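J.: Pasting a structure below so you can have a look.
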2 protein chains.
Amino acid sequence: MSLYRLAFRHKSVAQNIKKGVKNSNERLEFLGDAVLGSVVAEVLFKLYPYEDEGFLTELRSKIVSRNNLNALGRKLGFDKLIEFDTKVLNTGRQGSLLGDAFEALIGAVYLDKGYDFTRNFLVNHIIKSHIDIHTLEQTETNFKSKLIEWCQRHGKDISFDVIENQEGESNKLFTVQASVDGEIMGAGKEFSKKNAEKLAAEKACTSLGI
Amino acid sequence: MSLYRLAFRHKSVAQNIKKGVKNSNERLEFLGDAVLGSVVAEVLFKLYPYEDEGFLTELRSKIVSRNNLNALGRKLGFDKLIEFDTKVLNTGRQGSLLGDAFEALIGAVYLDKGYDFTRNFLVNHIIKSHIDIHTLEQTETNFKSKLIEWCQRHGKDISFDVIENQEGESNKLFTVQASVDGEIMGAGKEFSKKNAEKLAAEKACTSLGI
């Protein structure tokens, strides 16, 4: 039980148990995040046998996004279970505590029951009933359009340029640069021009903090 | 066997098996990366019971870094097993194929034998004999000094400023901004000033592409 109780203890109310270490849910969150990532990876790998790893990576990050996990935590009533210091955390910042506690709970279940149990628990009681994968699949996280929109809003020029083009036996390798107001903000190297652009746009979004 | 063979097939020599999908090792790499992340998370969680999640996250990223996995792939003789198109990939770029194939192999083992087998295989035959966790622990990936060095090299001013300081019952919450030449490049909110600075520095490094 103490393991499960730990999963719901935010660091704002944790006590030092040893120099530099608190009895908060953060270590369990680290573990649970990894186990969840692995279970979701397998689910998607098997659910979409004909999609490439770019698709799988993108869909997984939507499923395990803070947004989605927070909503899940709220749906599961975690807001009544989490211990935290209301003086430090105002209501606006409480959202991410829900997703953090969800991951910490996965970590606790894993330590208590092992991987196969945790996987079956996640698949049968969480993913099937609470996560609509096909709707998330339709939700757009298109870095290229995100970058273009941001540039339009901020009155900046954006260009995607193929700067290299290597010939292989069966595939060409494209290098694309994304430049904002003439400054290179990201580059991508891929076997299709479209994917190289996507990668360059994603890196530019990260560089610009979009 | 076809699964294990797939783990060593780079996309440069893969064939289209269906519209948009190639029989390369990329999907297996996606799966293996997740399983490896989970196994390493558990190993570190148990090996370091008194370290916080920041320590665990940093040490895990060193272990699963491309650098480290490439070295591992080379040590295991994967360079003789990977199929790739030498016309597209010159020797300089071949390095990352080794780490990619290592992850893909983990994905193949997982599909073939399940999680517990894969974990035991990784722990007993890879991590114990080929990865020196304690040496990696000493290797520094200090974003703050990385950022400061970069600023010195480029003749830029760097400052870390505590901009907020919330009082809680037992813990103070610090917000620190990292500014380069007066421009805010990253901010971090943490329960210690040192960790808030680290987080701000890490975000600034990402923003600046360092």
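Glycine residues also receive a Cβ, built from the backbone N, Cα and C atoms like all the rest.
Below, the features straight out of TrEMBL:
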- B:Asp33: active site (ACT_SITE)
- B:Glu103: active site (ACT_SITE)
- B:Glu29, B:Asp100, B:Glu103: Mg(2+) binding site (BINDING)
- B:1-114: domain 'RNase III' (DOMAIN)
- B:142-210: domain 'DRBM' (DOMAIN)
J.: Name, in order along the sequence, the recorded positions among B:Glu29, B:Asp100, B:Glu103 with a Cβ closer than 8 Å to any chain A Cβ.
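T.: Answer, by Cβ distance to chain A: B:Glu29.
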J.: Show, in sequence order, which residues other than B:Glu29, B:Asp100, B:Glu103 on the same chain lie with their Cβ within 8 Å of the centre of the Cβ atoms of the Mg(2+) site.
T.: B:Asn25, B:Glu26, B:Leu28, B:Phe30, B:Gly32, B:Asp33, B:Gly99, B:Ala101, B:Phe102, B:Ala104, B:Gly107
J.: What does the DSSP secondary structure composition of the domain 'RNase III' (B:1-114) look like, as residue counts for helix, strand and coil?
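T.: Its residues fall into 76 helix, 7 strand, 31 coil.
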J.: Pop the mean pLDDT for the domain 'DRBM' (B:142-210) in here, whole number is fine.
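T.: A mean pLDDT of 84 is what the predicted model shows over the domain 'DRBM' (B:142-210).
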J.: Return the count of C-beta atoms lying within 10 angstroms of the C-beta of B:Asp33 (active site), excluding that atom itself.
T.: 24
J.: Of B:Glu29, B:Glu103, the recorded positions given in the record, which has the fewest other CB atoms within 10 A of its CB?
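T.: Sparsest of the recorded positions B:Glu29, B:Glu103 by Cβ contacts within 10 Å: B:Glu29.
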J.: Test of understanding: give the count of other CB atoms lying within 10 angstroms of the CB of B:Asp100 (Mg(2+) binding site).
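T.: Taking all protein chains shown, B:Asp100 (Mg(2+) binding site) has 27 Cβ neighbours within 10 Å.
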J.: What is the separation, in Å, between the Cα atoms of B:Asp100 (Mg(2+) binding site) and B:Asp33 (active site)?
T.: 9
J.: Taking helix as H, G and I and strand as E and B in DSSP, count the residues of the domain 'DRBM' (B:142-210) in helix, strand and coil.
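T.: Result for the domain 'DRBM' (B:142-210), in helix, strand, coil order: 27 helix, 27 strand, 15 coil.
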J.: I need the CA-to-CA distance for B:Asp33 (active site) versus B:Glu103 (active site), whole Å please.
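T.: With the alpha carbons as reference points, the distance is 5 Å.
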